[in-house]
Amino acid sequence: DAVTVASHVRKDLDTLTAGEIESLRSAFLDIQQDHTYENIASFHGKPGLCQHEGHKVACCVHGMPTFPSWHRLYVEQVEEALLDHGSSVAVPYFDWISPIQKLPDLISKATYYNSREQRFDPNPFFSGKVAGEDAVTTRDPQPELFNNNYFYEQALYALEQDNFCDFEIQFEVLHNALHSWLGGHAKYSFSSLDYTAFDPVFFLHHANTDRLWAIWQELQRYRGLPYNEADCAINLMRKPLQPFQDKKLNPRNITNIYSRPADTFDYRNHFHYEYDTLELNHQTVPQLENLLKRRQEYGRVFAGFLIHNNGLSADVTVYVCVPSGPKGKNDCNHKAGVFSVLGGELEMPFTFDRLYKLQITDTIKQLGLKVNNAASYQLKVEIKAVPGTLLDPHILPDPSIIFEPGTKER
């Protein structure tokens with residue numbers, strides 16, 4: 001499709017120059033001090049600007065196919081504010097697909113050297129004030145966040161999907177893990193749906209989440225499949241998203257005009273931005289598609305979960321149980337995978353319309369089991385809430401075991 005105007009480029013946070021960082025930080029400090037950022041952050045969680053059955057709820061959309069669209073609008077909202085306040089750069093993205101060695105200085109340092117004033121000042125990206133409460137956001141990075149291929153592996157399976165709704169559920173649940181593992185256990189943290197948007201890292205995270213969607217769109221274009229529209233949930237795609245549709249809450253013209261999910265796909269022409277690259281870990285779209293096809297050649301097994309809201313954030317860990325010792329005894333000490341659920345007191349009720357699939361193939365093979373024989377093992381689920389408390393594993397339906405035969409085995 002012809003691009004009419006893509007007037008700004010979203011860059012990798014790690015590639016910004018010192019001057020670009022200074023400009024971005026100055027603009028962000030402005031929108032913190034005049035409460036613009038707090039007001040935008042209020043769109044997502046607390047205080048609950050939307051209504052559901054007569055109750056205040058968070059406006060953010062989770063657990064449904066319009067999740068990518070809502071958050072594309074949100075990042076665009078922040079980007080417009082930053083550009084209006086003099087930022088020389090668009091919203092950068094925090095690329096967490098590659099294994100994270102350490103958090104970027106922009107978000108991890110409590111202070112920065114203000115070269116204009118020749119002094120150390122508080123870093124506005126380190127935390128954010130929570131609207132309506134005497135609190136600031138905190139982070140408590142967990143060990144799982146660093147030095148592993150989790151995000152890359154999960155991203156590959158999401159990108160493999162050639163149906164928008166199949167892509168969306170894998171994509172959304174993947175994004176939850178960064179919330180959980182960067183936010184940690186505290187109340188006013190990045191891991192709480194109610195408070196996460198007040199943390200400045202939120203829009204950097206969601207710029208990368210949005211870039212992942214843009215990569216999927218390019219893959220779809222390369223595949224000759226729908227990429228600028230959804231081939232599912234058509235009714236939802238026509239319904240404007242709140243509070244972007246509300247001119248009283250959202251005076252921003254562009255996100256108001258394009259508040260229907262169907263209008264968010266064409267981000268270059270409607271929102272006038274593009275990314276510096278749509279490569280994934282230095283792989284072009286054709287290279288990536290070749291890799292995805294190779295990964296589909298051999299059979300894989302998954303634990304399938306029907307996820308719904310529970311009013312809290314949690315990590316869900318899956319273990320494989322195999323017979324051990326006396327009859328009826330099982331050894332369940334074989335961790336097969338983990339995924340995260342993002343929730344909060346004000347979350348809008350949701351139930352995904354299809355199963356989230358967590359791949360457990362490696363563990364099955366390591367145990368010497370056949371991937372196409374689910375009768376030889378069982379699954380055990382452990383659900384741990386963000387504060388660290390164990391929950392009843394039955395708050396989610398028991399998982400299904402799903403075998404997908406390889407393309408070379410059909």
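Along the chain as shown, the residues are counted starting at 1.
Any Cβ shown, glycine's included, is placed from N, Cα and C.
Look at Swiss-Prot and you will find His44, His55, His71 tagged as Cu cation A binding site. The Cβ of His71 (Cu cation A binding site) has 27 neighbouring Cβ atoms from other residues within 10 Å, across all protein chains displayed.
Within the same chain, residues at least 6 positions away in sequence whose Cβ sits under 8 Å from that of Cys50 (disulfide bond) are Lys56, Val57, Ala58, Cys59, Gln242, Pro243, Met348. According to Swiss-Prot, the disulfide bond annotation covers Cys50-Cys59 (among others).
According to Swiss-Prot, the feature disulfide bond maps to Cys165-Cys232 (among others). DSSP assigns Cys165 (disulfide bond) to a helical segment in the three-state reduction.
Marked as Cu cation B binding site by Swiss-Prot on the basis of similarity to another entry: His175, His179, His206. Residue environment of His206 (Cu cation B binding site) contains 24 other Cβ atoms, counted within 10 Å of its Cβ in all protein chains.
If you look up Swiss-Prot, you'll see Asn253 marked as N-linked glycosylation site. Residue density at Asn253 (N-linked glycosylation site): 10 other Cβ atoms are found within 10 A of its Cβ, drawing on all protein chains shown.
Taken from Swiss-Prot, the feature disulfide bond covers Cys321-Cys332 (among others). Under the DSSP three-state reduction, Cys332 (disulfide bond) is assigned to strand.
Counting every protein chain shown, the number of other Cβ atoms lying within 10 Å of the Cβ of His55 (Cu cation A binding site) is 11. Shown in sequence order, Phe190, Ser191, Thr196, His205, Ser313, Ser340, Leu342 are the residues of the chain, 6+ apart in sequence, with a C-beta less than 8 angstroms from the C-beta of His179 (Cu cation B binding site). Taking the Cα of Cys232 (disulfide bond) as the reference point, the closest of the recorded positions His44, His71, His206, Asn253 is His71. Just so you know, the Cβ of Cys165 (disulfide bond) picks up 17 other Cβ atoms within 10 Å once every protein chain is counted. Take the Cα of His71 (Cu cation A binding site) and measure to each of the recorded positions Cys165, His206, Asn253, Cys321: the nearest one is His206.
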